[in-house]
Amino acid sequence: MSSHHTTFPFDPERRVRSTLKKVFGFDSFKTPLQESATMAVVKGNKDVFVCMPTGAGKSLCYQLPALLAKGITIVVSPLIALIQDQVDHLLTLKVRVSSLNSKLSAQERKELLADLEREKPQTKILYITPEMAASSSFQPTLNSLVSRHLLSYLVVDEAHCVSQWGHDFRPDYLRLGALRSRLGHAPCVALTATATPQVQEDVFAALHLKKPVAIFKTPCFRANLFYDVQFKELISDPYGNLKDFCLKALGQEADKGLSGCGIVYCRTREACEQLAIELSCRGVNAKAYHAGLKASERTLVQNDWMEEKVPVIVATISFGMGVDKANVRFVAHWNIAKSMAGYYQESGRAGRDGKPSWCRLYYSRNDRDQVSFLIRKEVAKLQEKRGNKASDKATIMAFDALVTFCEELGCRHAAIAKYFGDALPACAKGCDHCQNPTAVRRRLEALERSSSWSKTCIGPSQGNGFDPELYEGGRKGYGDFSRYDEGSGGSGDEGRDEAHKREWNLFYQKQMQLRKGKDPKIEEFVPPDENCPLKEASSRRIPRLTVKAREHCLRLLEEALSSNRQSTRTADEADLRAKAVELEHETFRNAKVANLYKASVLKKVADIHRASKDGQPYDMGGSAKSCSAQAEPPEPNEYDIPPASHVYSLKPKRVGAGFPKGSCPFQTATELMETTRIREQAPQPERGGEHEPPSRPCGLLDEDGSEPLPGPRGEVPGGSAHYGGPSPEKKAKSSSGGSSLAKGRASKKQQLLATAAHKDSQSIARFFCRRVESPALLASAPEAEGACPSCEGVQGPPMAPEKYTGEEDGAGGHSPAPPQTEECLRERPSTCPPRDQGTPEVQPTPAKDTWKGKRPRSQQENPESQPQKRPRPSAKPSVVAEVKGSVSASEQGTLNPTAQDPFQLSAPGVSLKEAANVVVKCLTPFYKEGKFASKELFKGFARHLSHLLTQKTSPGRSVKEEAQNLIRHFFHGRARCESEADWHGLCGPQR
């Protein structure tokens, strides 16, 4: 402690007065108590406790000694705003002061810490918050100052925050006791404006102040402050009353003009806004100040008030701490405060210059009940977390003391002094009670009468039995027209209505202004980086889809493809990134909305994971290969996968009737027999080979002619068609084809003719196959190999039907149309292979070579423009209609891979929709009984069974009987369906 004495000369008092005059500009101290406290801190041989009212000069008690000391003084203050006010004030006095808080920039923080590490720091006073004092980042700096003996004082401002019995308890203040113990050689100074005896003892204990403590305490009585209480329930116009109070306190009533300023405290932000509007409308310029405003707006409002551009500021309790404004003429509380100490501290911000000032509290029992409820709720919440404590009652007791201050008769100054343990002061008419006790008593009695909760019954309030609070005075026919007896009878109600209307308009305009400021911000598009792997990364065709989201989806696809390669152990050396980029770009081009884009990416990822789970490599042929294949034909978007309605038309023609552009034309007997011979001699090409035709095959074979390879859910390697789940394009086209098929369903006579055509004796291909050895026919075979061009655009010139020889006419027995029979359809795979069967010998040849030597026949360019015509009443065209129906029914890819018999195509009269409805009704009881392991298996089996029923129907049985028969056969000896493999061996009904 002696080190502090060596700092000062032999006459420290003279040095103190010199600094007071030179730095702070005062000739003398404000009070003798302030001088005594300052000298005690300068001596430094005791810890000091200072309790002075707001504006009494507490800050000078430690600021002046800090300038005289050798080292640095650390000041702990609860609010950054309070710290900033103190720093700004000292900077104007050219004092080296700094603040270490979270709002400093990195450069400012670096410069401050560097100064503190110097041998002789230039900073004399360092302000910090209690959170900063306890932080680990500040400990090295603190230890450095302590080890070099550069810490002169530890000052704790607003020390009442240490006590749990105080009105503003902060848990972080409790950690300052440990900090004080580490700084044993440095004196500690604790300062507060409000301290009851209980709070004072808590401060001594929590901060570990060394006894004996030098206590300097000023009585809380301030003679220049006039306290009064107004009851809102008794005031007809509270806003007008507040306006009159403001003008009177500011001096306008004496025709001196407005002098000074005032503060009005409200409990909520909404009340601040509303009250500021009401005062402004009534002629008192006022602005709101609360935490809901932006920092720049709060600063502007505070500066306007400090410069007295705005005389009245309407604020929450956060305003005023550390504000050095001496000429505050009044402080009004629009709502009751939460404690007596809080009210005293806030009201004490008036009259710091010693001139008469006014403090008014607008009391309402409604406000009292609301605040009491909130306080008790906070206490209950704390008790749930940490249990009951004796200090929990302190908050409620502090609020009850303020309620007693308002509702009981007595001197206001005496009530405040009693609460803080001071001697009763000599008020000398310094409050409303001492000035006019009779008026205060009458107001309290009126408050008791007006309080509705205190009444036990409803009765007339006047002696004549008329109660103005009740309808028509409480009696029928009494006082009905009494209001018209006076000349100004109705003007009061009209005035109140106008005032209410004006208030509502102001409130409405304010709410509209608040909503206008909350318009949604427009999201700015962030351009991609230079190394962005995405295609069309800078495209903004999909709104609200960011480049970051696309890159995330690309990573998902790349990870899924990588896991697929690892699970299948394939030796594919292709770049996974390139594949993922192609998949992502394809999804991006197909989607129009961000949500649909993300859903499509997730679906692709799920498909890849499903393929990995089944042990099969994910094939991108359905997307990437089709794109490369579509680059060659001249019309890539024209019926890539033609539906049945376009492949088979009911338009009657002699030969090849109804084939659309791009489908397989009529084959002559020569071509048919040659292709049959080639099929019998040549080995069957391997399915799923690596080589693939560069273009799609005929629309018929792409839909039905190709035999699906075994695999999960009937997937075809290299293709995009799935068993029971066609692509969306195919679904759309099938639906359009199905509608035209339903309209063109064959009649009963045509169905009988189609049934007769199934007989082997009626098959015209039977006669063609016996003429294989004809050398003339063999010579024309090479030209017939390419007779089936791709459906994607290799079109031959218009052809004319070729005349048959007499032998061919006689074999048929009718006008010939052999290409539409089932045998001819079964011959087509050899001349027009599906896309997954790649053989070099059957590549399509140009149309001019294919049709060499044949007479052209008429064929329309656009099949969609052909009108649907009714078939001729002949046998063969009816067979064509039946073939068309069978292809449409089997369009989902459910043909049996090994079936080559004449019963391959579906029977007439059974649509897929009818079969599906019957199957679902029959299968539902089994699903409810738990016969299926999952709902997906139930749906898959129903789909499979529906296709079986459309393919075959036994004579004499209905679809329902066939479905029930197949279901009984399936569950015979099987308790439950566990996987899709269970129904792979299930065959359709037999004739």
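Each residue, glycine too, has its Cβ placed from N, Cα and C.
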Phosphoserine: annotated position in Swiss-Prot, out of SER491, SER858, SER865: SER491
Swiss-Prot annotation, phosphoserine - which of SER815, SER954: SER815
Among SER727, SER774, residue that the record in Swiss-Prot marks as phosphoserine: SER727
Helix, strand and coil counts within the motif 'DEAH box' (157-160) (DSSP): 2 helix, 0 strand, 2 coil
Helix, strand and coil residues within the region 'Interaction with POLR2A' (490-620) as assigned by DSSP: 83 helix, 0 strand, 48 coil
